[in-house]
Ligand code: TXA
Ligand code: MG
């Protein structure tokens, strides 16, 4: 795998790799994505193969702006309002796929909807502009493992299986996009980088939430995900001797998501600290309680999956 710089030459090279059906990882404001031409069946199939991702789990398509998104999906009033308020940004909208969109069926895993997002990162946007087409991109981690927020995480997880990574440094938000379906009443499919409270305020109504874990509305919302090598125990106020303690707020801890108790900082640090725990060879991890509001919803969602029984 080659590491490309986030300058014009690097982005042109990355765009050429995409055009040739290759796989390029690139930074977004949430996490690094693993990109391929969303219209090219073979390229999209290569994403599933590189990640070891089950083929029933559809991918998010990244586009440069809302105008580009309109070529692929149909917007209703709620979707227009959300896109206007939060794009570019950490919000993915699930909308009806247009029949003539030309998106590979592997991207949607056969669904009649498509997840789309306009990322808010100069490297992602620079790549989308130079490529000029829709880019399918899941997070650039092996399926079930911790998502990458640095180029080094991509190298460690997928280095031998992809063509290149564009190194754009750390991802500022640090957790994946919030996913909202606007097919029917607006529904939350995944908590993420845009707080649910902000989305509900924008819509002037609460989001529908599916709370049946046996029937994930987003096919990729599997119980075990984001798993570090070690076991994970949550809401811990006193750690056991064999555990490494991941704190939140002012407290004694081996590592701390945010000493200031700031949820935005904690989200930005979350995956990098889980990767660090892997590097340290942590066998047992204990995590302090995190408030369940704002970005805390997304952080707790990821931590619950990290702690879930593994297949
Ligand atoms: O922040 C993000 O969203 C990152 C960056 C790279 O953009 N991407 C990301 O992709 O998190 P991924 O593949 O790791 O997660 C995509 C989620 C999966 O849970 C998948 O099931 C869901 O989106 N999804 C994709 N298409 C869908 C659809 N048509 N309907 C419902 N859920 C969908
Ligand atoms: Mg993922």
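Heads up, the Cβ atoms here are built off N, Cα and C, so glycines get one too.
Curation plays no part in TrEMBL annotations; they are all automatic predictions.
From the candidate list 83, 99, 137, 156, the residue TrEMBL records in the L-threonine site shared with 30, 62, 117, 177 is 137. Excluding 30, 62, 117, 137, 177 themselves, the residues of that chain whose CB lies within 8 A of the CB mean position for the L-threonine site are, in sequence, 28, 33, 60, 90, 92, 119, 124, 176. Among the binding-site residues 30, 57, 113, 139, 177, 226, residues whose Cβ is positioned under 6 Å from ligand 1 are identified as 30, 57, 113, 139, 177.
Over all protein chains present, the Cβ of residue 139 (ATP binding site) has 28 other Cβ atoms lying within 10 Å. Summarising the ATP site geometry, the residues cited as binding it (53, 57, 113, 139, 147, 190, 226) extend over a maximum Cα to Cα distance of 25 Å. For ligand 2, the nearby binding-site residues are 139; that is, of 137, 139, 226, these have a C-beta under 6 Å from one of its atoms.
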